[in-house]
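Database features, via TrEMBL:
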type	residues	note
REPEAT	6-93	repeat 'Solcar'
TRANSMEM	12-32	transmembrane segment
REPEAT	101-221	repeat 'Solcar'
REPEAT	230-319	repeat 'Solcar'
TRANSMEM	299-322	transmembrane segment
Amino acid sequence: MSQQQISLPAKLINGGIAGIVGVTCVFPIDLAKTRLQNQRKGQQVYKSMMDCLVKTVRSEGYFGMYRGAAVNLTLVTPEKAIKLAANDFFRHHLAKEGKGLTVFKEMLAGCGAGMCQVIITTPMEMLKIQLQDAGRIAAQQQKPVMMSPTKLGTTNTLLSRSYNSGMVVSAPRAVSATQIAKELIHTQGIQGLYRGLGATLMRDVPFSIVYFPLFANLNRLGKPSADESSPFYWAFLSGCAAGSTAAVAVNPCDVVKTRLQSLNKVSTEETYNGVMDCISKIMRKEGPSAFLKGAGCRALVIAPLFGIAQVMYFVGVGEYILDNSPLSLLSA
């Protein structure tokens, strides 16, 4: 690898831009994924991804599909930058002079990247999920539900809101990510933002172990020769294929993470005391199929997200920006 190829500032810029572009394109599908994963058996508000999106637009307006997008766009830049740059960093240091990486070393590099990214991923997902799921909670509270007094539980006063009943579900009262973060830090300390850290590691480390080696090998198939890069469209398709495959493979972990990080629940919904308790309760009460909830949505989110990321790397946007920045021009 050349020095330019492992330029961390360029990799950070590429990853950041890719994250912003990708999230903007696929965020409504990600919102549908979160709401579908949080639905319990017998309490379905949405039948499918399209049904979720249609009902969201009807009740919350077009911008309701982008609830939580601000926090995601703010934090996805460092998150994607850390993930992609860390993988390149580990691959560079694991490679021997003039030799490629074995599959095991590629998986090891992916593992390191997945472990690094959770520093940003966990609080980002924690805040995003509260905002994304607010509409589902509002819709669920509209439905007449018979419950015994023993099932009634206390809920967080900041995150729980009352909604007017009627034929059309009213839009949930706006609560910002900043308010949620302040409340969590005030009541639980900084660890409040890292609720579900174990489940996030369970999802992101295997994802990176599957994604990065798979992408590298698929992308290698499109190279005209060993010394040339694959065409940009091949990099995009390789990123999409590897991303969607890894997303579906770790979807059970994503369901567990989403459930654990959802603070605001309808009073009849199950609460969980950790990863193993969550897994056992989902298995017992909803069956194995519950772990595949939102898998299609997640594949549709991740595929273009990583396809775009790899195109950004191929085009070399970060390298172009650094080469044409005022500081580089002055030093030339």
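Yeah, the Cβs are placed from backbone N, Cα and C, and that goes for glycine too.
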Should anything in the same chain at least six residues away from the transmembrane segment (299-322) have a Cβ under 8 Å from its Cβ atoms, list it; otherwise answer none. 4, 7, 9-15, 17-19, 21-23, 25-26, 29-30, 33, 49, 80, 84, 211, 215, 219, 229, 232, 235-244, 246-248, 328
Surrounding residues of the transmembrane segment (12-32) on its own chain - C-beta under 8 Å, 6+ positions past either end: 46, 49, 52-53, 56, 65-69, 72-73, 76-85, 132, 294, 297, 300-301, 304-306, 308-313, 316-318, 321-322
Taking DSSP H, G, I as helix and E, B as strand, the repeat 'Solcar' (230-319) contains 70 helix, 0 strand, 20 coil
